[in-house]
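Engineer: These came from TrEMBL, pasted as-is:
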TRANSMEM  131-148  transmembrane segment
TRANSMEM  160-181  transmembrane segment
TRANSMEM  193-211  transmembrane segment
TRANSMEM  240-261  transmembrane segment
TRANSMEM  268-289  transmembrane segment
TRANSMEM  330-350  transmembrane segment
TRANSMEM  362-384  transmembrane segment
TRANSMEM  396-414  transmembrane segment
TRANSMEM  421-438  transmembrane segment
TRANSMEM  458-486  transmembrane segment
DOMAIN    510-633  domain 'STAS'
Amino acid sequence: MGNADYVFPSTNAECARRVAIPPPQPFVKSLKYNLKETFFPDDPLRQFKNQPTSRRFVLGIKYFLPIFDWAPSYTFDFLRSDFIAGITIASLAIPQGISYAKLANLPPILGLYSSFIPPLVYAMMGSSRDLAVGTVAVASLLTASMLGNEVNANENPKLYLHLAFTATFFAGVFQASLGLLRLGFIVDFLSHATIIGFMAGAATVVILQQLKGILGLDHFTHSTDLVSVLRSVFSQTHQWRWESAILGFCFLFFLLITRYFSKRKPRFFWVSAMAPLTSVVLGSILVYLTHAEKHGVQVIGHLKKGLNPPSFADLVFVSPYLSTAIKTGIITGVIALAEGIAVGRSFAMFKNYHIDGNKEMIAFGTMNIVGSCTSCYLTTGPFSRSAVNFNAGCKTAVSNIVMALAVMVTLLFLTPLFHYTPLVVLSSIIISAMLGLIDYEAAIHLWTVDKFDFIVCISAYAGVVFCSVEIGLVIALAISLLRLLLFVARPKTFILGNIPNSMIYRNVEQYTNTSSVPGVLILEIDAPIYFANASYLRERIARWVDEEEDKLKSSGETSLQYVILDMGAVGNIDTSGIGMLEEVKKVMDRRELKLVLANPGAEVMKKLNKSKLIEKIGQEWMYLTVGEAVGACNFMLHTRKPDPLREESEAYNKV
């Protein structure tokens with residue numbers, strides 16, 4: 001059984017293979033290393049090493065403005081591909097921009113403004129070749145929900161507009177600050193499951209909100225929860241307009257059919273991309289010819305010509321609205337960052353290139369700060385538009401420049417053509433886009449792989465749909481953080497057994513053919529030992545020992561003599577963890593058991609050495625591997641002299 005025939009190494013070999021204590025490091029050097037690993041894991045300053053000052057200046061310009069890095073090698077073939085992609089995404093950006101501005105309770109023209117300046121800024125500063133910049137539905141909904149709680153957009157449209165600009169400004173400042181301070185890891189607290197549930201819930205809420213446009217209702221609830229929306233819809237059945245409903249469902253059917261066709265035939269991606277603009281054109285012509293605006297079909301109305309007017313003077317930095325603008329900016333900024341970076345990384349993976357998350361944050365932040373000063377509201381990289389850009393064959397961020405120029409032409413010359421665009425068509429465009437965000441296949445995958453992640457996803461979805469967007473986000477974050485705390489505070493511990501005919505020891509639950517080692521209990525601690533889990537680990541180790549002794553007594557096997565702790569997965573330990581090991585050592589001594597440590601890492605050994613715990617445990621009871629520790633214990637079990645006091649005590653306990 002186990003390693004009964006193991007020959008314990010000689011004294012010289014034992015000393016040569018003793019667990020080493022790392023040489024001491026100055027505190028400043030250690031702190032510098034830890035800070036670098038926390039804030040600069042990608043080592044962005046590596047390219048500046050051993051470079052002359054002039055070269056460092058050029059590299060710095062290229063770092064913050066990547067356009068100067070790839071522009072010198074730009075070719076005509078790239079321009080042709082980017083031009084086609086830019087025109088294609090412009091056909092999607094124009095109707096979506098108008099639609100999402102209405103969703104945010106902002107003037108429709110702001111959707112076009114926001115598709116002009118921000119893409120130009122991102123083209124210069126962004127590191128993604130495929131991201132198509134523009135407004136997004138979730139951020140628009142959040143803006144309407146959070147600002148609408150303080151200011152009614154219909155009663156005080158000017159103040160509401162200025163608060164939207166101010167929230168965009170603070171979102172940009174927050175995003176850029178995260179990038180400059182290398183704090184991008186904060187966004188990682190929005191787990192994949194959280195984002196799936198939140199996006200699906202927000203999409204559901206957005207779809208429900210579009211019932212106002214589909215049914216042609218003049219008055220609608222400002223609440224976003226399911227109950228309030230349905231109550232508002234069915235309490236006004238006498239005001240439903242069948243003309244608007246028929247028109248809306250026809251265009252929605254057209255948009256869904258084109259999207260389905262493009263998915264089945266990927267080379268015809270442009271059919272789905274052109275469908276929203278086609279719907280706007282057809283809807284406008286239909287309304288113009290039939291005068292449907294006189295029969296209950298609401299239209300956009302007048303859109304003024306001209307480029308973005310400056311709006312820096314419109315920013316609101318005074319009470320009582322400043323706190324609302326800051327809160328709205330931070331929350332929408334985080335959501336926009338999470339979506340934009342996730343989309344950028346997804347498409348970068350397809351083309352096998354890397355994007356810097358912190359540089360992306362600086363780019364997003366800068367374009368939103370500039371946008372807030374030029375009559376734009378929050379923008380990021382939406383998935384639908386970026387997918388069209390990717391499928392259209394874009395090569396660089398020039399596709400964003402082409403899209404911005406197309407929007408500029410629209411602003412200068414074509415805005416009067418949107419006068420007769422029916423709002424119901426915009427509602428259909430939004431519904432069609434939002435259906436793509438309800439990823440039920442991803443939710444099923446979560447259920448299959450990890451039930452807890454599925455609970456996080458469903459909690460986020462339910463919170464958004466039945467309460468509000470903000471509450472849903474808070475619920476999802478709280479559950480995700482709770483799970484993180486559970487991972488830290490309740491780490492896994494396993495009993496290890498010997499795989500037959502080897503020196504390998506593995507989890508007995510995973511490898512059922514393992515055999516136990518008589519008189520030896522081998523435990524693996526699968527996490528760093530910190531104050532949050534030290535008490536739990538002490539109690540769990542004691543329970544493992546109790547259970548093992550009970551099992552041995554009931555089976556009449558050899559009594560327990562040694563407890564080996566495999567420390568291979570313990571990357572670090574704090575003073576609470578050291579105190580826990582000291583207590584475990586005392587408990588083992590009282591129970592006449594020997595505590596043995598296997599494979600302790602460098603950080604653990606440094607802390608154990610400084611705390612003098614090595615002397616208490618004994619350097620001779622620390623081994624490089626579990627196999628060596630078991631061999632030593634076996635050797636001692638077969639060579640030690642019987643202890644009459646212990647045997648008498650065990651006999652008394654049996655009586």
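For all residues, glycine too, the Cβ spot is worked out from N, Cα and C.
Please treat TrEMBL annotations as automatic predictions, because they have not gone through curation.
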Engineer: How about the transmembrane segment (421-438) with the transmembrane segment (330-350) - do they touch, taking at least 3 C-beta pairs under 8 Å (6 or more apart in sequence) as contact?
Structural biologist: no
Engineer: Restricting to the same chain and to residues at least six past its boundaries, which positions have a Cβ under 8 Å from a Cβ of the transmembrane segment (240-261)?
Structural biologist: 213-217, 268, 271-272, 275-276, 279, 282-283, 286, 292, 295-298, 422, 424-425, 427-429, 431-432, 435-436
Engineer: Averaged over the domain 'STAS' (510-633), what pLDDT does the predicted model reach?
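Structural biologist: In the predicted model, the domain 'STAS' (510-633) has a mean pLDDT of 91.
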Engineer: I'd like to know if the transmembrane segment (193-211) touches the transmembrane segment (131-148) in this structure, counting it as a touch only when three or more C-beta pairs sit under 8 Å and are separated by 6 or more positions.
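Structural biologist: Counting Cβ pairs under 8 Å, at least 3, so yes.
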Engineer: Go through 268-289, 330-350, 362-384, 396-414, 458-486 and flag the stretch with the largest number of C-beta pairs under 8 Å relative to the transmembrane segment (193-211).
Structural biologist: 458-486
